[in-house]
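Among the features that TrEMBL reports, active site, proton donor is placed at Cys91. TrEMBL lists Gln61, Lys132, His161, Asn192, Gly193, Glu194, Gly216, Arg217 with the feature FMN binding site. Taken from TrEMBL, the feature domain 'DUS-like FMN-binding' covers 1-276. Residues annotated as site 'Interacts with tRNA' in TrEMBL: Arg28, Asn88, Tyr169, Arg269, Lys271, Tyr276, Lys292.
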Amino acid sequence: MEGVVDFQMRQLLTDLGGFDLCVTEFIRVVDQLLPPRVFYRYCAELNQAGLTRSGTPVRIQLLGQDPDWLSENAVRAVELGSHGVDLNFGCPAKAVMKNKGGAVLLKEPEVIYQIVKAVRDAVPAHHEVTAKVRLGFDDDSLSQEIFDAVVSAKASSIAIHARTKKDGYRPPAYWEKIKPLKNSSNLKTIANGEVWSVEDYTLCKIRSGCDDVMLGRGALAQPDLAKQIKMHNQDETYQPLQWNKLLQHILASGMHSCGDQNTQYFASRTKQWLAYLKLKYQGAHLLFEEIKPLHDNQHVLDIVKKHANSL
């Protein structure tokens, strides 16, 4: 999730537990081998063996249209410590598609095949090469061809956002359309889209027949959703994270310490995140209204502390 799930957010979310793997924001590859500093900027976890503070593996995601340049950058990513490489064929952003990247490639399954195969051939076999796709571009008429392209290219797994590019992020997600794709191959298949609760997760697994589920916005709205799902699968009792505990976790995470480099990072990121948290926590509405006009990290931090201490 570009501009949302960065290093700081990955640290905060994985500290709560339940995640098996994190994928970075995409790194755009055009016509060069990117210098190491770019990979470290998007994946600071490379400084700690490619793991978050809690030990969750992190995988670098690449986006582009040139098989050769993508494969060269994929090799660099794993050499620097990424736990495999993920390839983005699902981003619907106009700026990305204008340069023939992301979801626009869903129109060309053969190009998807060429990219995945080139990267798979270049990256050592013990590193996973995975692909993130949607059901299609304007419709899902090419969904089987897209899936088959990834299978034929020998990817390690495929994550399918159960909507087309045209659908964007509008509900519903068509989980049931993943099942015939999954049933056509032994490739590990991961469902994505509209999983906001344990109940959604369970229904998604049933309707899609998938092996696993990838969380996106649902984890931002309910930060311990992965932990809830993990406990559910293990038949263990778990008390969902309450608002006061979440505020304490945010303060303990050190997310606000980024102010040394950017005096508005914590302020802007907190407001952005509250837009999701408001979906699950009533207290998030009150906090958002109070910090909405503010831009300075310290001012926002003081108000977050005030709310945490008042509960």
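Backbone N, Cα and C define each Cβ position, glycine as well.
This view paints the features noted in TrEMBL onto the structure.
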| residue | record | Cβ contacts under 8 Å, 6 or more apart |
| --- | --- | --- |
| Arg28 | site 'Interacts with tRNA' | Leu63, Gly64, Val96, Gly101 |
| Asn88 | site 'Interacts with tRNA' | Phe26, Gln61, Leu62, Leu63, Gly101, Gly102, Lys132 |
| His161 | FMN binding site | Gly90, Lys132, Val133, Arg134, Leu135, Ala173, Asn192, Gly193 |
| Tyr169 | site 'Interacts with tRNA' | Arg163, Arg217 |
| Glu194 | FMN binding site | Ala162, Pro171, Pro172, Ala173, Trp175, Asp200, Cys204, Gly218 |
| Tyr276 | site 'Interacts with tRNA' | Arg217, Leu220, Ala221 |
| Lys292 | site 'Interacts with tRNA' | Lys271 |
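Considering only the residues assigned to FMN binding, Gln61, Lys132, His161, Asn192, Gly193, Glu194, Gly216, Arg217, the longest pairwise Cα distance works out to 21 Å.
Here the C-alpha separation of Arg269 (site 'Interacts with tRNA') and Gly216 (FMN binding site) works out to 16 Å.
Taking the Cβ of the residue listed as 'active site, proton donor' as reference, residues of its chain lying under 8 Å away and at least six apart in sequence are, in sequence order, Glu2, Phe26, Leu63, Met97, Gly101, Gly102, Ala103. The Cβ neighbour count for Arg217 (FMN binding site), using a 10 Å radius and every protein chain shown, is 17.
Sparsest Cβ environment among the recorded sites Arg269, Lys271 (other Cβ atoms counted within 10 Å): Lys271. Averaged across the domain 'DUS-like FMN-binding' (1-276), the predicted model reaches a pLDDT of 95. For the binding-site residues Gln61, Asn192, counting C-beta atoms within 10 A of each C-beta gives the highest total at Asn192.
Among the listed binding-site residues, namely Gly193, Gly216, the Cβ with the most fellow Cβ atoms inside 10 Å is that of Gly193.
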